[in-house]
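> Residues annotated as S-adenosyl-L-methionine binding site in TrEMBL: THR107, ASP127, ASN157, ALA158, SER174.
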Amino acid sequence: MKRATNLLKTASKSRNLATLRQFAAQPDVAGNLAMEGDKKKTHFGFTDVDEAEKEKKVHDVFANVAKKYDLMNDAMSMGVHRLWKDYYVGGLQIPYNAKILDMAGGTGDIAFRLLRHSPTAKVTVSDINQPMLDVGKERAEKERDIQSNRLEWVCANAEAMPFESSTFDLFTMSFGIRNCTHPEKVVREAFRVLKPGGQLAILEFSEVNSALKPFYDAYSFNVIPVLGEILASDRASYQYLVESIRKFPNQDEFARIIREEGFGHVRYENMTFGVCSIHKGTKPRN
């Protein structure tokens, strides 16, 4: 009886060993399972997605909304975004003959303001989304006071910029960094491409004052997606944009990220009770 039991145990071990060997001999299966476990997750609005998937999803959002982007900004903010941007650009100290990089600047909203604010500056407008850049180029041709020879348009990823180190005097980014998978990488790249003494200035939605929050949330979640559906036939993209604001670091946390990437004189200024904030920093000269 004992001998029979031992034979059964031995046979069972042999079958298990054979199964393990067979599994190990299928590298695609084992490798795929390992890769599934290694995939890093991030957020796309309130949804968890693979990091590699987020970039494509964000690209699709802005490709979808590109032609109605400026109209929707007016509708969503009741025109207030124009005042935010005017104040943001008006507060910049732009050197003579400055070279400026406006990242995520697709439709040219900030670039045109920069050129009007500084008649000697040249602006490189960069965006990961070519349809947004195409809209910006069309707008530049229609704006009579904009000199096209002072603009350059470059399709590029903010997390891996194709520019030489220590190239620009000023780095601007308006309502774009929250859509990036790794905001800290964007800040790191901004530090790299800025000249010593160069300025970082980022305008982004932020954490609103607690007293205003219930009204702000009600408007954001109940009105903005509906406007997206009515004006742009795209409710889902604007639902994402609303959610993405809530997932972005608050003012103090984002200021900490900027400091950790090497910038000095880091500060921020709230606008409209914290609905958005202007973050600034300076790359040390040595």
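The chain as shown is numbered from 1 upward.
From the backbone N, Cα and C atoms, a Cβ is placed for every residue, glycine too.
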> Of these binding-site residues, THR107, ASN157, which scores lowest on Cβ atoms within 10 Å?
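Per-residue Cβ counts within 10 Å for the binding-site residues THR107, ASN157 bottom out at ASN157.
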> Comparing the binding-site residues ASP127, ALA158, SER174, which residue's C-beta has the most other C-beta atoms within 10 angstroms in this structure?
ASP127
